[in-house]
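Inspection log for the structure reproduced underneath, given as structure tokens.
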Amino acid sequence: MHGRTPSPRYREDSRVDNRGLRPAEPPQPARSHSPRRSAPVRRTSVEPAPPRSPPSTRPITPGAPHPQHEPPTNNVLPIPTPTQTRPPSPKPQPAKPVKRTPKHRTAQEEFAAYGRTFVGCSRLAAYELLNKLGEGTFGEVHKARSHVTGQLVALKRILMHEEREGLPITALREAKLLKRLKHPHVVSVVDMVVTKTTKESKGDIYMVFPYMDHDLAGLLENKSARLTTPQIKLYMQQLVEGTDYLHRNNILHRDMKAANLLISNSGVLQIADFGLARPGYSRLGDDGIDLRKNRYTNCVVTRWYRPPELLLGETHYGFAIDMWGVGCIMGEMWIRRPMFCGSSDLNQLEKIWSLCGTPTEDTMPGWSLLPGCEGVKTWPRQERTVKQHFEIHGRDTADLLDKMLLLDPVRRITAAQALDHEWFWTDPLPADPKTLMQYEPSHEYDKRKAQIEEDKRRKAWQAAQAKPGGPSQQLNHHHQPPPNHYRPESYRDAVRGPPRGNKFGGPPPPGGRGHPSRPGYNGDHFRRGPPPDRRPDNRSRPPPRDESLPYG
């Protein structure tokens, strides 16, 4: 055995296990496992398999013939492959998706199944539109009532001027920022409403806000609403608290004005309209001072509330621009009109200089280097008179307003510093919201619309008066006195008429400018009044007399 090479059939590294076979015996047929005896199988002579060659150590390349195996000769038929015996399988067809009926879950079922509730967009049919509250460049606001809760809400429809651009970036910023904010003096988004696309329109998107009874601009134009000092302090305290919350969260509002402050009859003020708001990316110090400013566009903030640095073209600004608007709102609540009503940027600057003084390197460092000063290096010298104009409302009032309206944005007071000012902590203290009076709803849009209608009526009346006897107005000699008799100059003549001794006509009083006696009236046209075909007005009053008024 030592010098003999074992047969390849019995090598240990062979792939076939032949330990159970004997070389002299042919292979036995397999036995059936059935209990019955199988039919006798006819034995056939089986030739022993030729000895196998030792396996090659070369790696087998897929698809290449093995070097030890020769291809079959012509006398040997090829072994049929499965592809030749089986028909080609049909091409698999994509399975049709099974339409499943959506399962609507209640809020309790959603919370039990997923651990949270999901809120989607509502349909416009869920709200009943009542009337229009306002409109602007970025949208229009409607008053509505919810069919689900029955509460009053405000629907802000987002205007898409360029349909190719999709949803305006201002609306995306507003929705994104308001979803992050939660403060009692910052307006919150209640719901989102989406309408379906039709042939006439591509659908609308609405933002749903809580309904507020007034905005500050409309409330100040309401003559029945007289703001007291405690009431002004209450509104200012809420405004500064909301502004401080925005600045602490690195948000620039960039559109502070009276029309964007919503007020309810319960005395709650909320900051609204975040269409121009941007993340500030600024770093505040311990005292709330802005330590880092970014570059933005200066075409923000309504002109009447725009700070001087933006009017001069500054693009690196911070939270100080919001505080200038807060100061303008504070002064507007005292004088009940906007403080600086400029017709252009240059005129706006002139109005600011007339109250806050002409800028210098001490009051506004670097102002002459701003791009808005090109060609205008100097203005007429004017002194600062903010405190002198508002000292009538209190020394602390004038001091706080003076610090809010500083020309230098670096030294301008911050929201955190304003909350600690003595004005909020001295008598009279801010009012209790429960003690405030209830006013009728007042919005800037309603007041502006009423003013437009009044202007139209006045122009129509002036046009009719310019053409007497025209088709719009018939000539009436009884009520067309000379122009110098329209306005009475005597309280007695305007109310009581002439003395009784002159009731039967006669010449006018000495030095007077009375009507001449007219035929057919016996000179008694003062006591008889106007004809019944016309309502009485100022022109039907008696003629004036050269007599001094009883009250000087």
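Even glycines carry a Cβ here, placed using N, Cα and C.
Listed in TrEMBL for this protein:
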- 1-106: region 'Disordered' (REGION)
- 9-22: compositional bias 'Basic and acidic residues' (COMPBIAS)
- 48-65: compositional bias 'Pro residues' (COMPBIAS)
- 79-95: compositional bias 'Pro residues' (COMPBIAS)
- 127-424: domain 'Protein kinase' (DOMAIN)
- K156: ATP binding site (BINDING)
- 447-457: compositional bias 'Basic and acidic residues' (COMPBIAS)
- 447-552: region 'Disordered' (REGION)
- 461-475: compositional bias 'Low complexity' (COMPBIAS)
- 486-495: compositional bias 'Basic and acidic residues' (COMPBIAS)
- 524-552: compositional bias 'Basic and acidic residues' (COMPBIAS)
Within the compositional bias 'Basic and acidic residues' (447-457), residues counted as helix, strand or coil by DSSP: 11 helix, 0 strand, 0 coil
Under 8 Å by Cβ from K156 (ATP binding site), same chain, sequence gap 6 or more: G139, E140, V141, Y206, M207, V208, F209
Confidence summary (mean pLDDT) of the domain 'Protein kinase' (127-424): 86
